[in-house]
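Over in TrEMBL, the protein carries these features:
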- 26-113: domain 'Phosphagen kinase N-terminal' (DOMAIN)
- 141-372: domain 'Phosphagen kinase C-terminal' (DOMAIN)
- 144-148, 303-307, 331-336: ATP binding site (BINDING)
Amino acid sequence: HPKESKYRPVLESLLPQDPMRRIVLKRGSPEDEFPNLDLNCTVMARVLTPLIYTRQFSRATESGVIFDDIIRPGLEDPGQSTGMKSVGCLAGDAQSYILFCDFFDRIIELYQGYKVTSASVQQSDFNYDNLKGADDFDQAYVISCEVSVSRGVEDFSFPSHCSRGERRKLHSLAKTALEQLGQELPGKLYSIDELSHESEDRKVVMESPPASLMKIGVARDWPDARALWLSKDGSLAVWVNMEDHLKLVSYRSDACLQEAFKTICINLLKLETLYKKLRHPFIWKNHLGWVMSSPAEVGTGLKASITLRLLNLAENKRLDDVLDRLRLQIEATNYPGIYKVSNLQTIGIPEVALTQLVVDGVKLLIRMEKRLENNGGIDDLFPAQK
């Protein structure tokens, strides 16, 4: 109606104002709000200074992520002085890496040893046939292997910040994509409720959210819209709405990293195509590569890990230096003498080369372990910096 367009602005002005527009955060100055980082062992605590905090203090992404949201995981879980490094921060959305780049670029450099620049371009390589020596580990030492890769989906906040509606939409997208993937690799999508008890067709059981998810704030509304897809042949698992929007995992008890990596490459590329058809591609930034919630995983989002016996080398005082030179990290398991070795860096190196670092590094660690078993020296095996 002609009068509708004429009087609409007047009528709309009489409507109650959206209460969200009136929100004013009751905060003091940056000096008043600067967190206590005493005894905080995360990388975040090593990077964060009053000056950096002040610069980021008044910024917010379009989805409402503020800087305190970014650093909260590291304040809730301050990490430990020994063992694997904890990054201590999470992006709330992809825009966080741009708006808070002054902070995140420093985190990535300190944690991953890679300096992010505007000229950086992350390369991607899923040609699994180029991976060498990943199928002939010494079975006397190597027990199992696992390859995982995470992805964030465009147009959605990350799990630490997303709404219930976003999470449910992501679940719906995953269900559609995985149904199509299942036409070539048969599988089944299980809700978290279905995982509360063991069944004949699967051995995975999850009764409550993992403590790690609760600490970093991604277990809100548990178990709403979380799920696990399992292939019938057991070669692939896909977690939905856990630490990231999607996480593909291929585990092998025969330690054949070649096959685990191949499984990930083939099915990740299929899912990438399916998500593009659904008009929600995976998040990619040229200077960062594939973007996930954790700055510890940006670039490739890939972790290749091998579980092996290292009774002697694990006690050697030079092990930390060896791992640093190989760009690997080690994690103790619940079994004495059994350790999990994986890549620390995920950015600046393509997927095949990254996995090759793990293969070559683990084989060198086994050679060192054999030397020490025979009371020999390892000085001549000491690696150059990778």
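Easy rule for this one: first residue shown is 1, then count along the chain.
Just so you know, glycine gets a Cβ as well, placed from its N, Cα and C.
Residues of the domain 'Phosphagen kinase N-terminal' (26-113) grouped by DSSP class, helix first, strand second and coil last, total 42 helix, 2 strand, 44 coil. A mean pLDDT of 93 is what the model gives for the domain 'Phosphagen kinase C-terminal' (141-372).
Taking the Cβ of Y335 (ATP binding site) as centre and 10 Å as the limit, one finds 10 other Cβ atoms among all the protein chains shown.
With a 10 A radius on its CB, I306 (ATP binding site) counts 28 other CB atoms from all the protein chains. The Cβ of E146 (ATP binding site) lies under 8 Å from the Cβ of V249, S250, Y251, R252, A260, K303, A304, S305, T307, each of which sits 6+ residues away along the same chain. It is T333, among the binding-site residues S144, S148, T333, whose Cβ has the fewest other Cβ atoms within 10 Å in the structure shown.
Of all the binding-site residues listed (A304, E331), A304 sits in the most crowded Cβ setting, with the most other Cβ atoms within 10 Å.
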